[in-house]
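Everything on this sheet refers to the single structure shown next.
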Amino acid sequence: MNIEKLAIGKNPPFDLNVIIEVPLGGEPIKYEMDKASGAMFVDRFLYTAMRYPCNYGFIPHTLSDDGDPVDVLVVGKRALMPGCVVRARPIGVLLMEDEAGQDEKIVAVPHHALTRTYDKIQSYKDLTEVLQNRIAHFFEHYKDLEPNKWVRIKGWADKDHAEALILKAIAAYKT
């Protein structure tokens, strides 16, 4: 995959392309796409026996404060193939920090052009409390057994905050 030829989305920050790295329910393996080659690499094997609560990936042509592209959790009932691109709409953000600094996770749903299933979900608050708790629990604990690694959940913010983070990351990538 030539990421340079892939658009950020049809209407950023509202309609985005997300490149999936880890599928919903994926084994406890952290995959990362090499941005230069487009190859999918095993970043590490998680020490905890936890499965991803959502499809996990990133927005191309963005640069977060942690030096990586913006991380995105795409909510859904189906596991998406690593390396695929899915149109998504942000609904909120999980605010967290880890041993390297701020590490926010945008929470998104598949765009209505793909499915109408999520049309009524306009905010992370529209997700079930169980799913919100699963997401927070996973990211709070997925590094627990790794030496010198930690995560602290700082809370949630709504889609306006998510959209602002995305716009900031698009601008940072361009500079």
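For all residues, glycine too, the Cβ spot is worked out from N, Cα and C.
TrEMBL: automatically predicted annotations, no manual curation.
What you see is a predicted model, and the numbers here were worked out from it, not measured in a lab.
Record check: TrEMBL places D66, D71 at the Mg(2+) 1 site, and the matching candidate among D34, D103 is D103. For the substrate site, TrEMBL gives K30, Y56, Y142; the one candidate out of R44, R78, R152 that the record lists there too is R44. Local packing around the binding-site residues D66, D71, D103 was summarised as the count of other Cβ atoms within 10 Å of each Cβ; on this measure the leading residue is D71. Residues V22, P28, I29, Y31, D43, L46, Y52 surround the recorded substrate site, their Cβ atoms falling within 8 Å of the Cβ centroid of K30, R44, Y56, Y142, which are themselves excluded.
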